[in-house]
Amino acid sequence: MDAASESEEPVSGEALSVAHALSYPPSHMATTPDIEMAWAIRAMQHAEVYYKLISSVDPQFLKLTKVDDQIYSEFREIFETLRVDVLDPEELKSESAKEKWRPFCLKFEGIVEDYNYGTLLRLDCSQGYTEENTIFAPRIQFFAIEIARNREGYNKAVSVSTQDKEGEEGAGNKEEEAEKGADSGGDEEGVNREGEK
């Protein structure tokens, strides 16, 4: 054994078996509590990354897949009146909704990687991922709805809200710095915006 491999911690057999199990789509495995927890953790990590992404850039210009245009056009062709800003779970999960969604989702098998993996989807796009605001959905359903939200401007509220909070925090820091400067008792004279004393 070389020195590099001796310093690495060994990976437990349990971790390897969970990692191996996660390499299969959920439809091909028996459900166990460990596997369910691993899928939930993976879905939450995906949600956190996505939310940070739409919080930091203008979502209208995001490209989530190589086939965003196809997903969006087919989604709006089939679900032209579906409200994407605030979702009604019945329009996603009821038996009649599933009959409509199933053919749409299957169109992307082999086109979108892991199209049927479980993903967390926000019901109200102006809010974050909370227990009350989140449902579990197939990945292609997530892509269809989030691409629509991005292109139609609904997710812009998230990036604007985040930028507003950052601006308030920055303004608060500047006020604190100004107060510290005023409290320092120095003999320096202030300068107004025009550069006058």
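Heads up, the Cβ atoms here are built off N, Cα and C, so glycines get one too.
Any TrEMBL annotation is an automated prediction that lacks curation.
Here is what TrEMBL says about this protein:
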- 171-182: compositional bias 'Basic and acidic residues' (COMPBIAS)
- 35-158: domain 'Polysaccharide biosynthesis' (DOMAIN)
- 156-197: region 'Disordered' (REGION)
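Summarised as a single figure, the pLDDT of the domain 'Polysaccharide biosynthesis' (35-158) averages 94. Broken down by DSSP into helix, strand and coil, the domain 'Polysaccharide biosynthesis' (35-158) contains 68 helix, 12 strand, 44 coil.
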